[in-house]
Amino acid sequence: PVLDLNYEHVQTPFEISLWVLLASLMKLGFHLIPRVSNIVPESCLLIVVGLLVGGLIRLAGEEVPPVMNAEVFFLCLLPPIILDAGYFLPIRPFMENLGTILMFAVVGTLWNAFFIGGLLFAVCQINPGYPLELHQLELLPCLLFGSIISAVDPVAVLAVFEEIHINELLHILVFGESLLNDAVTVVLYHLFEEYAGAGTVTVLDGFLGIMSFLVVALGGVLVGAIYGLLAAFTSRFTSHMRVIEPLFVFVYSYMAYLSAEMFHLSGIMALIACGAVMKPYVEANISHKSHTTIKYFLKMWSSVSETLIFIFLGVATVDGKHHSWNWVFVTATVILCLVARVMGVVGLTYIINKFRIVKLTTKDQFIIAYGGLRGAIAFSLGFLLDEVHFPKKDMFLTAIITVIFFTVFVQGMTIKPLVELLAVKKKQEAKRSINEEIHTQFLDHLLTGIEDICGHYGHHHWKDKLNRFNKKYVKRCLIAGDRCEEPQLIAFYHKMEMKQAIELVEKGGAKMPAIPSTVSMQNIQPKKAVPQERMLGQLSKGKEEEIRNILRTNLQRTRQRLHSYNRHTLVADPFEDGVILRKKNVMEKKVWILLNKTEIRNRQIFGFFFAYSMKPTADDVPTIHVDLASPQSPDSVNLVDELKKKSEPTSDADEGLVMRAPSQNRSEESDREQQKLMRCLSDPGPNADEDEDEPFLP
């Protein structure tokens, strides 16, 4: 035949393309209507679209496709979202709040799981005389359901929190909790699933469960770190094949996720560790075009996956095969989820605030508790349950979907007005500057030095040790060329310079600076140097060189003269002692000349007159003589005339109050103690080779 139809041959890729196209068009359409997108979160609208699509399929008499199964979700839709979050994770705020995040992720998730599961079992056992289907539920299935529904979902948190632009602290606390509680959820899920199949639980099983949590969490991090280092090492040799650079980032990350899932480790933590470990080294090796490709491909991939997840949730809700409604169980689940979340956040924050410098306020606690959204991870885990061991699987799925809809629609739609009402601090889109980077590094070094002096090995001390090890060994192995020796400040300047250049190009009408950028753009830099305009055109070359020599000489001398001191030992330095004595002699000489040139007059203060005069002592050292004013006191006293009268005898009664200069024959111990005190309280001064009266600038 001339034209033939063979839909079965292309059915699967054609339907996948249709779903992706539908998701992209819906996402585009929502942002074309700003009134709707400002009121209703995008995740809610996507679920509504899924409900409409599923309803149309049912009305057409067709069977709803099983789009939201566990394999599609965990192997295809979830990894791009987690990789995007891990690769662009703000490392500094995440590490600074790691203790708080772990408390919420581990202790908070355990509390929610056992609180919800235990009380649900108690609710199911109410009124045993009246037989209900809930009485058939045992404790282990309830605890398993509690572990599934207790975890905060990273997809839902990202979808809602990025729209309300919450401040960085609250965002990293809630989002970090949603990432790290995956290990707890995976461990509890598999443990209770095995316990339900075995039927009995011993003390040894509980101990093995704790060990399993450590293995799952740390094993996932280790697997991700290994693949991240491999990706960084591979990118070192891609300078002659720039096209395939982004491919290594995606493939190594996906391999890390699959390897962790293969051994029942935490795939989410493996992806987070892989992205965070590889980024600083990969970014130093790859070209700018590859960096742009990685950035936009990850954003596109994660956005499409997130859109498909919420649409598939709506479609799966319309499918009536896995639904079993029970008012008591569903209502108790929603209420217990809210109560457990609030109690867990308030109780843990009370403990955490005792150790935090920046305390979490009541408003912060409310946003953290209200932002505990559930999502598709809970639905997929519930979908994986075996109906043989869990006959109430359909009722669990119905309750999970209800909790997801409640958190996404009710909490997701009302959290933005509540943030505005409570005047919670919003995220400030401030660009980092060189000044901020310099002060940040300065404070890090200062706090590290303070910890070393105090003998306290805090996190600044270990952070500095890790940075030194990274710079000395790791960077040299994973970064190609001379960029491994590049200081952090210069690297940051290059990054800002490139970003500014891109912004100027995107604006179109802005003028490009006359001086070319010094960032690594080897492929587009001309071979011959282009003549550049002088930055200091108003100064001659000779004057410019003179200023450089002055700064270079003085800064070098300052560095050689100053010494570092320790709180344990302050040993006398003979070089500094000589400088102090010279400084003292010069100052005495200047004071002597000043007093000889100046006349000291009488002043009246509160009815008293004072006359000042210099009288010599027996050692020919001048002293300042303060005599009570009398009618015989002269109006002015000449210092030279007074020195001529040194042979005239004076009595102690006539002298009044006498301030004598220290005698020259004082003991050697007191002299050295005075020198030590002056050394501790002041700078030693200029170099001994310099003339004191010589001007700094010629």
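In case you wondered, yes, glycine gets a Cβ from its N, Cα and C as well.
Listed in TrEMBL:
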COMPBIAS  666-676  compositional bias 'Basic and acidic residues'
COMPBIAS  688-698  compositional bias 'Acidic residues'
REGION    629-698  region 'Disordered'
TRANSMEM  16-33  transmembrane segment
TRANSMEM  40-60  transmembrane segment
TRANSMEM  72-89  transmembrane segment
TRANSMEM  101-123  transmembrane segment
TRANSMEM  143-161  transmembrane segment
TRANSMEM  173-192  transmembrane segment
TRANSMEM  243-260  transmembrane segment
TRANSMEM  266-284  transmembrane segment
TRANSMEM  296-315  transmembrane segment
TRANSMEM  327-353  transmembrane segment
TRANSMEM  365-384  transmembrane segment
TRANSMEM  396-419  transmembrane segment
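Using a cut-off of 8 Å between Cβ atoms, the transmembrane segment (16-33) and the transmembrane segment (296-315) share at least three residue pairs, counting only pairs 6 or more apart in sequence. The transmembrane segment (296-315) and the transmembrane segment (365-384) are in contact, since at least 3 Cβ pairs between them lie under 8 Å (pairs 6 or more apart in sequence). Taking Cβ pairs closer than 8 Å, the transmembrane segment (365-384) reaches residues 68-70, 73-74, 77-78, 104, 145, 148-149, 151-157, 160-161, 166, 170, 173-174, 182, 185, 189, 309-310, 312-313, 316, 322, 337, 341-342, 345-346, 349, 393, 396-397, 400-401, 403-404, 407-408, 411-412, 415, 418-419, 422, 424 in its own chain, all 6 or more past its ends.
Long-range contacts of the transmembrane segment (327-353) within the same chain: residues 99-100, 103-104, 107-108, 111-112, 115-116, 119-120, 123-124, 132, 134, 149-150, 359-360, 364-365, 368-369, 372, 374, 395, 398-399, 402-403, 406-407, each at least 6 residues beyond the stretch ends and with a Cβ under 8 Å from a Cβ of the stretch.
Listed by sequence, the residues of this chain that lie at least six past the ends of the transmembrane segment (143-161) yet keep a Cβ under 8 A from its Cβ atoms are 41-43, 78, 81-82, 85, 109, 112-118, 120-121, 171, 174-175, 177-179, 181-182, 184-185, 188-189, 192-193, 196, 268, 306, 309-310, 333, 337, 340, 371-378, 381-382, 385, 390, 396, 399-400, 403-404, 407-408, 412, 415.
Counting residues 6+ beyond its ends, the transmembrane segment (101-123) has Cβ neighbours under 8 Å at 94, 134, 137-139, 142-147, 149-151, 172-173, 176-177, 179-181, 184-185, 188, 328-329, 332-333, 336-337, 340-341, 343-345, 347-348, 351-352, 368 in the same chain. When Cβ-Cβ distances below 8 Å are used as the criterion, the transmembrane segment (72-89) is approached by residues 154-155, 158, 175, 179, 249-250, 253-254, 257-258, 261, 267-268, 271-276, 278-279, 294-295, 298-299, 301-302, 304-306, 308-309, 312, 376-377, 380 of the same chain, each at least six residues removed from its ends. For the transmembrane segment (396-419), same-chain residues at least 6 beyond its ends with a Cβ under 8 Å from one of its own Cβ atoms are 39-41, 43-44, 47, 145, 148-149, 156, 159-160, 163-164, 166, 313, 316-317, 322-326, 329-330, 333-334, 337, 366-367, 370-376, 378-379, 382-383, 385, 390, 426.
When Cβ-Cβ distances below 8 Å are used as the criterion, the transmembrane segment (173-192) is approached by residues 82, 85-86, 94, 97-98, 100-102, 104-106, 108-110, 113, 140-141, 143-144, 147-148, 150-154, 157-158, 161, 205, 209, 212-213, 216-217, 220, 264-269, 272, 367-368, 371-372, 377, 381 of the same chain, each at least six residues removed from its ends.
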